[in-house]
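**Student:** I have a structure I would like to understand better, so I am pasting it below and will then ask my questions one at a time.
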């Protein structure tokens with residue numbers, strides 16, 4: 001048996017691979033365990049052994065010819081009976097009469113398949129128009145060789161992915177590229193040259209005669225080729241090993257390149273956005289993740305083996321990984337928070353800023369006009385107007401079902417549940433929530449990196465930072481007052497690290513590098529912001545900001561990943577106290593997302609005294625914001641200097657200096673947030689009224705229909 005017989009043919013691309021290969025060298029397909037007879041029968045006395053009908057793996061071949069179908073003993077003066085064979089209409093392969101499918105391409109046998117006419121003993125198998133050729137050692141081998149050469153010669157290569165397609169294919173079966181208009185059907189000379197240098201014909205010791213190497217068409221198919229002289233078995237093995245070593249690596253690289261090109265050609269825009277998002281998680285590019293989310297991409301999508309191959313970074317990407325897995329693996333807490341933020345899609349959100357676009361644009365212009373830069377050594381931006389947003393008290397006059405619909409469309413139910421039920425962070429005091437009417441509601445906003453800026457404007461003006469006016473002021477203030485904020489930030493970070501037992505010192509270059517990163521976040525629309533930016537926003541608002549947030553980052557499995565460090569009080573410490581307002585705003589923080597916490601208007605104070613003399617009129621709404629957590633521990637004051645840090649009593653004294661504080665009858669230290677509808681901005685009041693009119697109309701419809709029914713009953 002020759003070395004050629006050891007090769008196995010790929011069932012996908014018909015490439016003949018070396019026996020040691022477990023995958024196809026061309027298309028990387030797995031080796032099939034139940035091979036179809038694709039090689040010509042070999043001239044050997046062992047062919048009479050019936051055991052050859054079974055492969056080494058024990059699987060039975062599809063066709064096992066015996067002595068009754070075709071005599072396996074070759075007689076010099078006797079030719080096989082080929083008249084009973086039928087030719088496949090797809091690949092022209094000559095199959096045995098008992099086969100119901102083609103051995104090569106598995107095509108169904110047609111009724112009345114064309115059979116070859118019997119040959120006279122003096123004729124040799126050849127087509128018309130070709131000169132006679134010497135009789136081969138085995139006529140069946142001759143026909144099988146011709147069929148393979150015909151099949152290869154008639155294929156046309158795809159100009160996009162180089163895959164060789166069948167001649168009847170009008171488009172490439174791999175990349176769907178159209179067939180070139182001038183594709184040659186039978187490249188005669190190429191097939192002859194390829195057959196002469198084909199690696200599948202290495203050393204044929206048993207073929208001593210000259211045989212035909214023609215293609216599938218007529219013409220000059222009778223060109224002769226003389227085989228190389230026979231060599232010993234050891235030399236043949238050495239030659240095969242050298243060929244597989246030298247050519248195999250090049251073939252594998254070429255096959256990998258072709259496979260990669262095929263995968264790229266099949267990919268769509270959504271696939272590229274997903275791969276960019278995966279790379280963005282690894283490299284820390286949040287914009288790529290946001291681009292994938294905004295396009296409607298599935299966050300739970302998993303990487304496939306082909307996509308991992310395109311990314312070409314096995315140390316970072318594995319098949320089956322999602323964006324959440326990558327964010328956990330590379331500790332991207334900000335991205336993890338964005339990815340895990342679940343926004344309910346069951347109800348369409350309907351907030352005042354979306355219902356009244358004309359009024360909203362006017363309010364945005366008012367916001368831009370209210371921002372000014374102070375002259376002097378500290379050129380920070382600041383607001384000239386004190387505006388506080390509250391939900392109207394008329395909501396309580398609506399029917400319960402309309403109220404439920406309103407809250408579903410204006411509140412973030414997931415944030416409200418996490419801050420109230422999963423962790424007692426807000427509304428934990430029955431005294432504040434019920435008797436003092438200081439229940440806080442989490443407004444819904446965008447889930448992108450602008451959620452901090454959106455929540456600040458929602459808590460004051462009731463709108464989004466759509467035009468990035470507040471972000472621009474934040475960026476300019478950070479750069480213009482960089483020295484002031486940098487000193488506070490550096491001193492605070494050093495103290496905070498030491499408070500957790502982390503005694504280390506950084507070089508000034510490292511501090512500057514971290515500070516440059518904080519500055520860059522402020523200038524990038526959509527980038528998530530940090531504690532320093534909340535501190536700067538307190539100066540722009542000229543009022544304190546109280547953040548009620550979760551204490552720990554948690555994975556989607558509920559595992560604690562680290563401290564959030566956002567909860568606490570942010571005071572405008574770099575301004576003079578006389579230049580600032582004492583009425584704070586409240587924000588909620590959950591898993592990398594900020595939400596505005598607002599109260600509902602109340603009808604005056606009545607007997608709601610909280611241990612303080614409230615000499616105000618009935619039009620003013622006072623919301624009592626707790627300055628302690630549910631465990632009655634004082635909230636931290638962020639970015640204090642070394643001189644300002646002291647005991648808890650000293651920090652409480654500082655809170656009383658910057659805010660109007662009092663202690664309730666239950667002993668809770670609270671800060672008073674004051675707002676007045678009469679003193680509020682008229683555009684904000686008009687926007688809220690127009691938004692509320694839509695729910696009033698919903699409440700009026702059932703009443704109207706009930707009244708009509710009553711009138712009809714009276715008429716009867």
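Every residue gets a Cβ built from N, Cα and C, even glycine.
Here the structure is a predicted model, which means the values were calculated and not measured.
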**Student:** Under Swiss-Prot, which of the candidate ranges 82-111, 232-261 is annotated zinc finger?
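**Tutor:** It is 82-111 that Swiss-Prot annotates as zinc finger.
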**Student:** Looking at the ranges 113-143, 144-174, 268-298, which is given as region 'Disordered' in Swiss-Prot?
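**Tutor:** My reading of Swiss-Prot: the region 'Disordered' range is 113-143.
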**Student:** Among the residue ranges 3-33, 34-64, I'd like the one that Swiss-Prot describes as zinc finger.
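**Tutor:** Going through 3-33, 34-64 one by one, Swiss-Prot gives zinc finger for 3-33.
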**Student:** DSSP on the zinc finger (3-33): how many residues come out helix, how many strand, how many coil?
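**Tutor:** The composition, in the requested order, is 4 helix, 6 strand, 21 coil.
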**Student:** Where does residue 172 (Zn(2+) 3 binding site) sit in the DSSP three-state scheme?
**Tutor:** coil
**Student:** For the recorded Zn(2+) 3 site formed by 158, 161, 172, 175, which further same-chain residues have Cβ atoms within 8 Å of the site's Cβ center?
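**Tutor:** Result: 159, 160, 162, 163, 165, 173, 174, 176, 177, 262, 265.
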**Student:** CB neighbours of residue 161 (Zn(2+) 3 binding site) within 10 A?
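**Tutor:** Its Cβ has 20 other Cβ atoms within 10 Å.
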**Student:** Just name the winner among 158, 175 (the binding-site residues) by count of other CB atoms within 10 A of its CB.
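**Tutor:** Counting every other Cβ within 10 Å of each candidate, the maximum falls on 158.
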**Student:** For residue 172 (Zn(2+) 3 binding site), which residues of its chain lie six or more apart in sequence with Cβ-Cβ distance below 8 Å?
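**Tutor:** Residue 172 (Zn(2+) 3 binding site) has long-range Cβ partners 158, 160, 161, 163, 165, 178, 179.
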